[in-house]
């Protein structure tokens, strides 16, 4: 005891010394070895506040998915705490970004039959949504004819500004908000975001001031709403993927301020304790930059959830079509990219010389009615801010009374129209740059405006440069039956996986373009401060929209198969995904029109017609994930940061990362090796179909690669429910042509006459980072 007190005094003295030399406070997350708590402290909180930092510094104490705390301390104090023998890791709090009707039918759901019927529309499953909160009065969240709240639910309805206990019901079974990390970041000289919540634009409660959270929640689990539309666009019956599933709301993101890691981790802790079955998190890093798993609170929190049986769906990010732009890379996460559906909102630019160029728009105000106006491109001056139609960059004398061509980028698309309007312009044509290609998303513009692709934009600019150019815009409303569909959205995050190329990411794609879902009353459909329109529904695009489609899908599968693990649900979704469009042609890329690969769509597009009965599943245990972490070189202490338990990695035979029992297969060869290269991988499958089943293998080998599978037949019975097989990949490293993507692609399917259990195969020469 005397030694402990002496150590404690010296440690606090060292931390105290740090205060005087470095007065700037920042938020840090401390991962602590919970097993090393001295018995004299009744709780971990007592230990943290006695031995690590003052109680006033602590923001969150984590106890379920993570053991430790977050606190506002100086960098010197953080460095001193990092040396404490019980501290496993320290990382600075970071700000994350949100990855910002017909889609249930489009992914294969049908009334009164199939997965909707078999799962009772997900009625007893609870989906935790980590986002900007909820607008609970929307018709999408009524609890009419829902049964009682599942008895296992242990959560609360946290009240606050304009949010009372009555805002929760049998549909919204719980709601919480997390702001401590957000407030601490701005209050102590952080990065310029966060700080004290601005009560003029935000609610210190689970109420949604942004709209994003309401949209994602209703996409996953919105009830049937008749006569739904956004200002007449996409009219019909709105519904989520799991209409009877319950919602638990975790507000971790704040209007215009992002989402802080310390708050996200606290939400994971709470949600798992509360009893959610599925977590939907449309949040992640940007620019394709990903942290190692042990420094990524989304990866850490998700592991804690998945290890306790909670399925976690996450967005792939919106930095496509660039390669290696996918985010949320941990193998226990289900990472979802975005595709289009067969509905669009076309608008036509008609030039003075009679040419007609296709675009899209959700503009709902007075139209031009065919009248042509002078056309101008401010970018011809060579001034970048003018070409982008940035604030105060347009000369009213030049644009007044004209339709203005603006380049996409650097500011919100709808904000550019406001700049044009302030300068006296009558309309806007928003042109994609080369990086966006032909990928278009509809926007609820405040002036007559439409978006066009890069090629069309160049054509319009060339015409505008001829002098005396005129144009008009014809808004064509809602069109259904667009072909081809789905196509991979131009913005959708792409592979390869920049952390571990041995794990294919994204896992799959789902509808994420022009999705109609519920909206907040706090802002208009554009989200601009000047937009005071009130809309019950809004139409948005992003992997933020595709992620809750898979969250809802997981809820349906969990309801139909309560004993399935998160990995089994993920496998069912992936191995039944479709790699062709509705015209049965290979899926294409929205940005180029070219064929796509598994780096773009993962295992394929969500297809719930088949996922309820996949035949076989690739299951995973917590030990499988630990072996994977050992295989990528993580030591016992580093693994404990993620898993909470000390890990013993094998000393002699190091595991191989490609051997993780994943529903996709990636064979990675070093770039330095030439000649004939060979690698043998192992997988095991569990029969969840007919007891006595026989499956034969079908291989589509990547070009220039040979793939051998043994055994070639899997025979299941009441005594044999699981079987393993080996995949040997062989190629000549000096002759295989990898192409633009740096990889070649194929597939492996197990077929029994009823089921096709398909896994993509990726073969590449790439050295892990």
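A Cβ is built for glycine as well, from the same backbone N, Cα and C atoms used for every other residue.
Residues or ranges marked as signal peptide by TrEMBL: 1-18.
Per TrEMBL, the feature domain 'Inhibitor I9' maps to 27-99.
Sequence annotations record features per position, and here TrEMBL assigns active site, charge relay system to 131 (among others). Taking Cβ-Cβ distances under 8 Å and a sequence gap of 6 or more within the same chain, the neighbours of residue 131 (active site, charge relay system) are 98, 208, 212, 213, 216, 217, 249, 250, 251, 252, 253, 280, 281, 282, 283.
Taken from TrEMBL, the feature active site, charge relay system covers 212 (among others).
The annotation active site, charge relay system is assigned in TrEMBL to 544 (among others).
Counting residues per DSSP class in helix, strand and coil order gives 1 helix, 61 strand, 43 coil for the domain 'Subtilisin-like protease fibronectin type-III' (659-763). Residues annotated as domain 'Subtilisin-like protease fibronectin type-III' in TrEMBL: 659-763.
Listed active-site residues: 212, 544; maximum Cβ neighbour count within 10 Å falls on 544.
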